[in-house]
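Have a look at the structure below before the remarks.
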Amino acid sequence: MHIEARLFEFIAGFFFLTALLYGVLTALFATGGEEWAGTTALALTGGLALIVATFFRFVARRIDTRPEDYEGAEISDGAGELGFFSPHSWWPILIALSGSVAAVGIALWLPWLIVAGVMFILSSVAGLVFEYYLGPEKH
């Protein structure tokens, strides 16, 4: 996880530097003054990358060194169970559709569609979380 953390720290630094340069250059050369939307978007993108980098740093401290993190690793060092994955689940598709409904409601500013989208999102996430606790797949 150290490599991933370094990668996202580099990305965060790049976006912060780009936001600073963009803000200064638009303030100096743009006819309407500084363009705040782009500066804010670049700064927030850097902030999101920094959040991911910080998460990877915390995870790297908690777990043992992975085969990906040292040079002398063999392919067989990474063998083993990776976790449980649900290959037949339809819930992620429903979550995406629900998010689309909410996004269209926000874009068109239709409060009833926003509420419907949020309700669909909550019910879809509940379905995903409880997928293996209800119904025929119950373990």
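Along the chain as shown, residues are numbered 1 onward.
Cβ coordinates are placed from backbone N, Cα and C, and glycine is handled just like the others.
Source: prediction; values computed, not measured.
Per Swiss-Prot, the feature transmembrane segment maps to 10-30, 36-56, 78-98, 101-121; the stated evidence is sequence analysis.
Between the transmembrane segment (36-56) and the listed ranges 10-30, 78-98, 101-121, the one holding the most Cβ pairs under 8 Å is 10-30. Sequence-distant contacts of the transmembrane segment (101-121) (same chain, six or more residues past either end, CB-CB distance under 8 Å): 94-95.
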